[in-house]
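As annotated by TrEMBL, domain 'Repulsive guidance molecule N-terminal' applies to 1-68. Positions annotated as region 'Disordered' by TrEMBL: 65-85. According to TrEMBL, the feature compositional bias 'Pro residues' maps to 72-83. For 109-331, the entry in TrEMBL reads domain 'Repulsive guidance molecule C-terminal'.
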Amino acid sequence: CKILRCNSEYVAATLHLRGPGRGAAFCTALRSYSLCTRRTARTCRGDLAFHSAVHGIEDLMIQNNCSKEGPTAPPRPQPPAPNPQGFESLDICDYERSFLYKHGRPPGFQHCAAFGDPHIRTFHDDFHTCRVEGSWPLLDNDYLFVQATSSPVAKGSNATVTSKLTIIFKNMKECIDQKVYQAELDNVPAAFQDGSVNGGMRPGGSSLVIWERSPGRHVEIRADYIGTTIAVRQAGRQLSFSIRAAEEVARAFTEEQDLQLCVGGCPHSQRMSRSPRGRGRVPAETAQALCREMLPVEDVYFQSCVFDVVTSGDTNFTMAAHGALEDARLFLTDAEKLHIFQ
């Protein structure tokens, strides 16, 4: 069964095709893909990847209004593989490309964020406000460990904010050395703890890179070898964390790794209402007006902003909620999931 060869030829033919003008070339590539699957149909009869590809081609042709009759591209010459593993070995540190090659479709992604009080948006789009003083794991899986350390937002307050973030990119021998990133209040570095800005000297070292988006305030870490992007920000006296992770990566943990705020949210004993009782440091009406300037939609990001400004008296929390919303806008594949209303 040569379905993987058909998949790789299709990927190679469409990688450069982008935007609304791709129509004719994309349909040509789909017809070529269909022709390739028909040629290998006899030997692939019992192969799930083959049947998945056939159904996928039909769906894509309908979605793109492609006719079944028309020109097909000549088969691409196969470059000599430098080793027996060929494509998979060359691209093992490019998760999205490798996944597309293996499955004939792009991977799915999930988003999690922790900001402000802290407020947690989980991979499953649940939303909690936590008191969680001390250190708690946001993520703990086969590829990543992320720990947030919280401290009281103000003296005598139950509300807490993230004051330190520790992110461990676990050793992946084909791609990167283990790397540790640590941010604290007023120290959001654009480098790992060892001073490096990438995954090390291995052939796939460039598949892990830190970018400084705003000096001392906002960094982005791209881990292409696991299809993951992380944003770390400081707004006022708190840190925030956002992640876009491949579904396969987000789910790569055992039953023992059950405490992950990005997966299960805050433990019930640590959840707080976002309707603060008693006297706040800023009147609720003032906080609402400030938050509405940055967050015109009154969703959970807006509610969280109001809660944080009332509780702390720090107007910089409007920037924290706004930054978290902007990260979600970038990281979510489904725009309809951007706003959560409770």
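Note that Cβ sites are derived from N, Cα and C of the backbone, with glycine treated the same way.
Across the domain 'Repulsive guidance molecule N-terminal' (1-68), DSSP assigns 48 helix, 0 strand, 20 coil. Across the domain 'Repulsive guidance molecule N-terminal' (1-68), the prediction's mean pLDDT works out to 82.
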